[in-house]
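K.L.:
Copied straight from Swiss-Prot:
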- S12: phosphoserine (MOD_RES)
- 61-81: transmembrane segment (TRANSMEM)
- 111-131: transmembrane segment (TRANSMEM)
- 135-155: transmembrane segment (TRANSMEM)
- N161: N-linked glycosylation site (CARBOHYD)
- 170-190: transmembrane segment (TRANSMEM)
- N233: N-linked glycosylation site (CARBOHYD)
- 262-282: transmembrane segment (TRANSMEM)
- 317-337: transmembrane segment (TRANSMEM)
- N342: N-linked glycosylation site (CARBOHYD)
- 355-361: motif 'FYXDWWN motif' (MOTIF)
- H409: active site (ACT_SITE)
- 452-472: transmembrane segment (TRANSMEM)
Amino acid sequence: MIAATPAKSKPSDVNLEQTFKGVSETSKIDLRRSRAAYRPLELSPTPSIFARNYQRNAVDFTGFFVLFWVAVSIMIFMSFLENFELTGRPVVGTIFKYFQSNLLDLAKADLAMSSMFLLAFPFQKIFALGYLRWYGLGVYLYSILILLFLSHCVLRCCLSNWSWTHRAMFILHSMVILMKLHSYNVVNGWYSYCYHSLNKLQSKKTDLDDDERSSVEFYEHCLNHHGNTYPENLTIPNALDFLFMPSLCYQLYYPRTAHVRIHYLIECALGTFGCIFLLVIISDHFMVPVLAKAIRTIIEAPEDASATYFAIRLGHTVAFLMFPFMLSFLLVFWVIFEGVCNFSAEITRFADRNFYDDWWNCWTWDQFARTWNKPVHYFLLRHVYVPLNSFMSKSLSTFFTFFVSSVLHELVMGCITLKIRGYGLFFQMTQIPYIIIQRQKFVRRHRLLGNIAFWFSIIIGIALIAALYILF
């Protein structure tokens, strides 16, 4: 039996009118919305943010900085977890044992070495009061004292029963104090000469001629900078201020910030210790095993092994060390210039935080020397290059400036490894012919190729020099 289906009633004219009216209103609303949604975008020829030879204002890369620290935290946590599963302790490793040994002895030695800087204050008071002249006996006496300080630092570092990590920290800090001592004494010695020369001219009873008046103006300009004058600057607080300041060049005036930001000090301290911890993890996991295997291979090498055999072993070791050493180099760079220097600058309210420029874009080695470590660059320029250039040509002054820098680098490596091999001296001096080649027109026209060559030399060079000092 089939049930009958009731017939549908036809809509009335009133319902049809209301229905079409609603559809019409909806169509009008959609039209207005679509006009706003599909109107043309305001497009213009704009390169990518990461495109070369283009700078976009107000581009914020803070997210990459946050990503880096998140990755660091994850890596540290994973290291803790792995160590705890294997040994039951979160922190293990050879490098951690090095850090824990002889810490008190290192602290005492470093404090004594740093305190020697304060002896420069009474030493310069002698010249300010006129008991001795700087350009005379003063320069010779200072040269003897600075050599004694350097000898003390080297002997204290090499003869102590310290690990290589302690030797590295001590000798690097010694080099910083050495440069600060030199700048403080040389600049204040020059001020003492200007001060006594000015007093001599002003005490003349006769009228000054034009040259003497020009000399008076010159000396007054040198001895007064933004209201800070010599010899009023020769005080213990001023010497301590320069000791803790992230500058290697002494002067009467430095720009200052309004106040010290405690939260920023905490941020710098946490970042520094986090990077140091990450450096330890990289060393223990990716450097020590490779170097231990290489040392074992060299010791167990057959007696008739040729130079080719050792060259292959060296190349194999360098290949496995390139990435961890490159990463360590970047972390050390951050620790020094973003962590330690900014912490020191914040404490002393030192306002000029331009400790480096965009050295990662360098396409010549002289660019790198000027931009990656600006405090040392300013020191070498002011206290080495300019004095040499007063009686030498520009090329000879540049050569000897590189030579002084290379000798200091070799001294640092010798104190850390307890070996004098000359690898650092040789490779740093080879930068001079590289610079000559990089200044040719072809390289200047193809800066990308220069930057690629720069990064290859950095990546290979750091691992190669480290492997040479450790293995041979």
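Note: Cβ is positioned from N, Cα and C throughout, glycine not excepted.
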K.L.:
Work out, from DSSP, the number of helix, strand and coil residues along the motif 'FYXDWWN motif' (355-361).
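P.N.:
Computed counts for the motif 'FYXDWWN motif' (355-361) are 3 helix, 0 strand, 4 coil.
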K.L.:
Which residues of the same chain, at least 6 past either end of the transmembrane segment (262-282), have a Cβ under 8 Å from a Cβ in it?
P.N.:
69, 72-73, 75-76, 79, 93, 95-96, 99, 324, 327-328, 331-332, 334-335, 338-340, 342-343, 346-347
K.L.:
Can you name the residues of this chain that are 6 or more positions from N233 (N-linked glycosylation site) yet have a C-beta less than 8 Å from its C-beta?
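P.N.:
Counting only residues 6 or more apart in sequence, the Cβ neighbours of N233 (N-linked glycosylation site) under 8 Å are N188, L252.
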K.L.:
Determine whether the transmembrane segment (170-190) and the transmembrane segment (135-155) share at least three Cβ pairs under 8 Å, counting only pairs 6 or more apart in sequence.
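P.N.:
With 3 or more qualifying Cβ pairs, these stretches touch.
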K.L.:
In terms of DSSP three-state secondary structure, what is the assignment for N342 (N-linked glycosylation site)?
P.N.:
helix
K.L.:
State which of the following glycosylation sites has the fewest other Cβ atoms within 10 Å around its Cβ: N161, N342.
P.N.:
N161
K.L.:
Checking distant contacts: for the transmembrane segment (452-472), what same-chain residues at least six beyond its ends satisfy Cβ-Cβ under 8 A?
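P.N.:
Apart from its flanks, the transmembrane segment (452-472) reaches 291, 294-295, 298, 314, 317-318, 321-323, 325-326, 329, 362-365, 368, 413, 417, 419, 421, 423-424, 427, 434.
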K.L.:
How long is the line from the C-alpha of N161 (N-linked glycosylation site) to the C-alpha of the residue listed as 'active site', rounded to the nearest angstrom?
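P.N.:
N161 (N-linked glycosylation site) to the residue listed as 'active site', Cα-Cα distance: 22 Å.
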